[in-house]
Structures are given as structure tokens and as C-alpha cells.
């Protein structure tokens, strides 16, 4: 899914008008279809293995992938590892395209306030992705090529820390860098934790604007 999201940013950069005018539901469905299909197939095979396996092995920490059959686990690890390298390459392509447009137009794009914020948000996403999920998957790829041992098991177990960081990273990036997302997140927190964030008088009436019906490119450009 990280690869799909990165490609979405690239498409919005190369064809901005089409990206805004295309029907959202169909576009999201097409982009989500590869990730959904892959997850269903992999989860299905993994579930069948767990059902058939009568040994009920003990795993270190809460790391479900360690329960999966070894060969199936290697397929998952290697695919995710190399696809994460693909994500970094897409982000690098986006960065190069922006810089080349600056030189071709003889302007400094990031001088504009909204564009500068969007550009900085992109750099933050690249940095966070590279230091969390990408680091996790590349490490697991390297470890999967090693002989099974206690050290390998320990490394695989504690890699879940990077996964937890990656799962929550986008939330903090958008919270810190985007005013519109920050307001929506605070609104959600007021409903979930009314005593800490003041009483939420009517969560039902505020449920509608939680997901704004505007393109992500527009949200990133908001001051």
C-alpha cells in the first residue's frame, strides 16, 4: 500500500488536472485493488497453514508473521522489502521532477508558502518512511537470508517496534505539518476524550467533516 500511495503522489504531480477531475471512488478502488488482492491471497494461505499446524508454536513478543510457514514468510518479507525500495525510488523521482521544474521555469518553487509546506511535508514523509517501515523491511530481508538462530528470532521480534512507529508516523506528520488535518484530529480527540480535551457536545453532528471531500493534494497545500 505504501507503493500505491507513493504512485498516487507521482500521478498527481505528473497529471494534476486529471488527478483532480477523475472520479474519486473509481480511482481509489483501482489503486486499492492490487493491495487488497495481495493481502487476501497471503492472509488466506497463512490462515490455512495456522489451521493445519497442530504444533501451536510459541512466538517472541506479539509478532504474528512469525507464526506463518517459513517459505510463505520469506515471500512476504522479500516482496515487502523490495517494494519498499521501489517506494523510495518513486519518492526520489518526485523530488527530481520538482527540482527540474524549478530549473526549467527559472523559479524557486518552494518560495511560495503553500508549495513550500507541501514540499516540506513530502520530505518529512520520505524521512519517516525511510527510518521506520523501510528500515524494518530491509532488515527483515537481510535476516531472512541468514541461518535460523536465537539471534535471528530476537531481531525479528524486536523489529515490531519499527512497525509500530510506521503505523502511527503519518498521523504525527499530518498533525504537525497541516492545519486542516490538525483541526480534524483535535475534533476526534475531543469526542474520544471529552474530559481531557473539553466536552464534545454532539459527536454525531461533527462526524460528517471528519473525512474532507477534497483531494489530498489540496489538503497538503492548505496553510
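Just so you know, glycine gets a Cβ as well, placed from its N, Cα and C.
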53-75, 76-98 - the range that TrEMBL marks as transmembrane segment: 76-98
Where TrEMBL places transmembrane segment among the ranges 2-26, 27-51: 27-51
Residues from the same chain, set at least six apart from the ends of the transmembrane segment (76-98), whose C-beta lies under 8 A from its own: 2-3, 6-7, 9-10, 13-14, 42, 65, 68, 109, 119, 122, 125-126, 129-130, 133-134, 137-138, 140-141, 144
